[in-house]
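To start, the structure itself, in structure tokens.
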Amino acid sequence: MSIAPPEQIKNTGLPDETERAADLADVRRKARSVLVVERVAVLLAPAASVAGLYCVAGFLRIPQTMPDWLHAVVEVGSLGAVVWLGRRGLKQYIPPSQMEVDRRIEQVSGLRNRPLGSMMDRSSGVGSEILWSAYQERLLKSLGPLRSGWPELSRLNKNRFLPVVVLALVGTGVWAGSHAPGRLTAAFIPGIDDPDVPLPHVEAWITPPPYALSAPVFLADGAAHVPAVPEGSVLVSTVTGTQSRPHLNGGFSHETMQALGQHSWRIQAELDQSGSFVVGSRGRTLASWQLTVTPDALPQVAWGPNPGGEKGGRRTRLPYDAHHAYGLASLVAEIRLAHPGLLTKSRVLTVPISLKGRPISAKGVAGPDLSDDPWAGEEVSATLVATSVSKKVARSRIVTFRLGSRTFKSPVAKAVLDLRRRLALGDERRHAAAEDLAAIGETPGPIDENTGTFLNLTSIVALLDNRDVEDGDARNEAVGRLWDLALDIEDQLRGGKQSAQASIDVRAAQEAVSGQLRHMREDNAHGAEDQAELKRRMDALRAAIDRKMQALAEQAIRDGTAIPDLPGLTKSGDRAFQKLMERLQGDAAEGHEDGAMDKLQQLEDSIEKMRNATPQDMAQLAQQMMAQQKLKEQAESLGDLVKQQSSLLDHAQARLDREQRRRDQSAASQPSLEDSDLGAMSTSELLRKLGLVPPDGAGGPPQQPESEAQPPAAQEPARPPDADKNDRAAADADQKRSDGAAQHALMRATEELGSEFKELSGKEVPAFGEAGKAMKDARHALAADNDPDAVKAETAALKALQQGRSQMRKALQGKGGGSGSTSFLPSFGEGSSQGKDGKSGSGDEENGDPGEGQSGDGQNADRDPLGRSTGEGADTNPNAGDRLPEKMSRERAQAIEEELRRRDSDRTRPKEELDYLDRLLKSF
């Protein structure tokens, strides 16, 4: 017999025999697997021993304590040893045979006589085939339950080192406890710390951007809520105590990492969106926060009402309204032609709008002078571009308007400007423009009569005909020179050659000053050299203005339209320009660029008006200044009236106070001051009551009453009380007669002042009529020896005079300061400063409005007619110099004065005290 393979075992096809054959095949597969595992385990035992030793070292944290590079080397070496040992063992692997498989099944299942081996036998072909099949079926039925068993680990006893490794692995794993997984992970991944390593120290904070008005936010460890921060904030974190470079998770922009030391790092990132801020290092999360970032919105910018050129003016109104939560960095107007021609080159005129600092909200009207631009007078489309301090840019809607332009009267200048406009817009070829300009030069007029003007024109013609010059450069230079040519022709028409030359000098000096101011503003240059250069250019501008004023004055004399005081007029004009330029230079020196630019604009407006001035304008200006001088004299006269009227009121009030004091003294046996005896006070105490500092010799203990301090023989005989009373009554009567005459004179002066003011300004002052009526009542009261009524009438007169001062000022303001048409001299007074329309008034600070600086009618509730505060205060208050004492305060002061006079009449007192009292009482 021979052994038959399993697939050759026949079955009769019965259901139970078929199932047993399938069970046998399944058991044989399992048994084969068991044998394979046993043999492979034995062959891989050395490699497993090395791997187990590395795990034991990991549980003991041996690799983690090494530097990362040495950790990686040891790990790679151990892995190499495991691979080499495993490969060598697998080369010795021999798969189990069918006989070995059946033998394992028979051993595990407890079968005798090797029935599985008998089933593998084959018939030799001798005998009946049916008999052989019956034999195998009987064997299959007799097998019983079959098992494949489990791998036998006892075979690993051949490797004596493996059990020791297993025991060490189990022991160290139990000893590591819950940290075992982390330690094993850190052992196999270099650069990762296990849970036993202390976490590095993390500090983090958020610094808002410089433009955000908020404080830095410190991120505390484990903080549940972090306040919202603005977009653009900078997150900074320092990590101390880490072995390697940390990392930041969260998708932040502009992330930077900087090593501060061997184990210290600094992380910085810009926050532009909300998210989680996670700091990790060596496989662990060191800190995490949920951050909310507030988006930075775009600026809001819009046009104001009525943009465009001013009516009859050269400036262009640019009303704007811009806002941003953090502030505006810049605001510009981008201007383009509304209807460009086919040949017109693309150009954007950018006009910066000055902002004071970095305002959150900016609303106003800019008035740049764009009259020298080739687009002056053209219809343009413009948009406002606002840039916030956070670099956000927004644009307004597009509006259409016309740019402001200068008014020219000379037909030749108008022809030059028209040619300039066509050349700049590309509507005229260079050769054609040169021919037209040459034709203008051949016409009789200012060009033919002035050699310098003619040479300027011919040089422009040569420039346009020169083909060696690029077209764009030739057009730009010709456009600029044509503007100067037109201004020169216009100046000659208005004031002659000398005045035109002076205008050229003024324009050149003005541009030099403007350029220096722009340099100092844009480059933040405020050094000594820059200030000296600005002063030099300002001096040159002042000299040019002097020459222009002198030329206008001389032309006025030649035309016979000047008034006799023209030298004084030019001096006033020089003083006005000088003061404005001094203020401009002061603002520039202190770094107040906005104020300097405002004064420069006012200076430009004044110079432009002076450039267009004629001799007739000079004569009219002189008349205006004479009128202002008269107004100033009237204001001084009104001040004298108030002063004299207040003196009359003081006289009447003093008489009433003396009468009241005499009545009070007669009612009391001794003079008292708030239940205190003045006679019992020392001289120093009395002086302190008056708010005076007593001399060194005036101190000492309180003086005794005269009746007690002096012996009867030393006392002088006293005057009879009736004699003093009669003398005082006679003096009061003389004063009343004198005051009545003075009151009559003041009434006539008030009437005359009102008439002069009406003649000069054309307006009446109703308060002067009321003052005259009150003065008349006061005069009658004085004549009737009625001081109370006189005080009331004189008080009413003072109030009316003060109201008259206010009414004069309002009348002059409504009339434009009494100056008629607008002057070209800079203004400084409060009532004549630049208005919203950008036009300046006339006069200087010496010719301000009458009564300027006085309080309005609504601010006099607690003041006397002289504007002094009333009310009772401390007698020694050093800051109450303008406070008028109340009735009780005046009575106390007068009682003290009487006591001091009585003591001064006592010649028995010390000489030092008497000398001091004599000097003191002279002021009363």
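Sequential numbering from 1, following the chain as shown.
Note: Cβ is positioned from N, Cα and C throughout, glycine not excepted.
Note that TrEMBL annotation is computational and uncurated.
Listed by sequence, the residues of this chain that lie at least six past the ends of the transmembrane segment (40-63) yet keep a Cβ under 8 A from its Cβ atoms are 71, 74-75, 78, 81-86, 89-90, 92-93, 151, 153, 155-156, 158-159, 161-162, 165-166, 168-169, 172-173, 175-176, 180, 183-184, 186-188, 190, 194, 196. Among the features that TrEMBL reports, transmembrane segment is placed at 40-63.
The annotation region 'Disordered' is assigned in TrEMBL to 656-679 (among others).
Annotation source TrEMBL lists compositional bias 'Basic and acidic residues' at 656-665 (among others). The compositional bias 'Basic and acidic residues' (656-665): residue composition by secondary structure is 10 helix, 0 strand, 0 coil, according to DSSP.
Per TrEMBL, the feature region 'Disordered' maps to 691-761 (among others).
Marked as compositional bias 'Low complexity' by TrEMBL: 705-717.
The compositional bias 'Basic and acidic residues' feature in TrEMBL is assigned to 719-739 (among others).
Packing against the compositional bias 'Basic and acidic residues' (749-761) from elsewhere in the chain are residues 627, 630-631, 634, 637-638, 641, 768-769, 771-772, 775, 801, 804, 808, 811-812, 815, 818: each is 6 or more residues past its ends and has a CB under 8 Å from a CB in it. Feature annotation from TrEMBL assigns compositional bias 'Basic and acidic residues' to 749-761 (among others).
The feature region 'Disordered' is assigned by TrEMBL to 794-911 (among others).
Here TrEMBL flags 883-911 (among others) as compositional bias 'Basic and acidic residues'.
With DSSP states grouped into helix (H, G, I), strand (E, B) and coil, the compositional bias 'Basic and acidic residues' (749-761) comes out at 13 helix, 0 strand, 0 coil.
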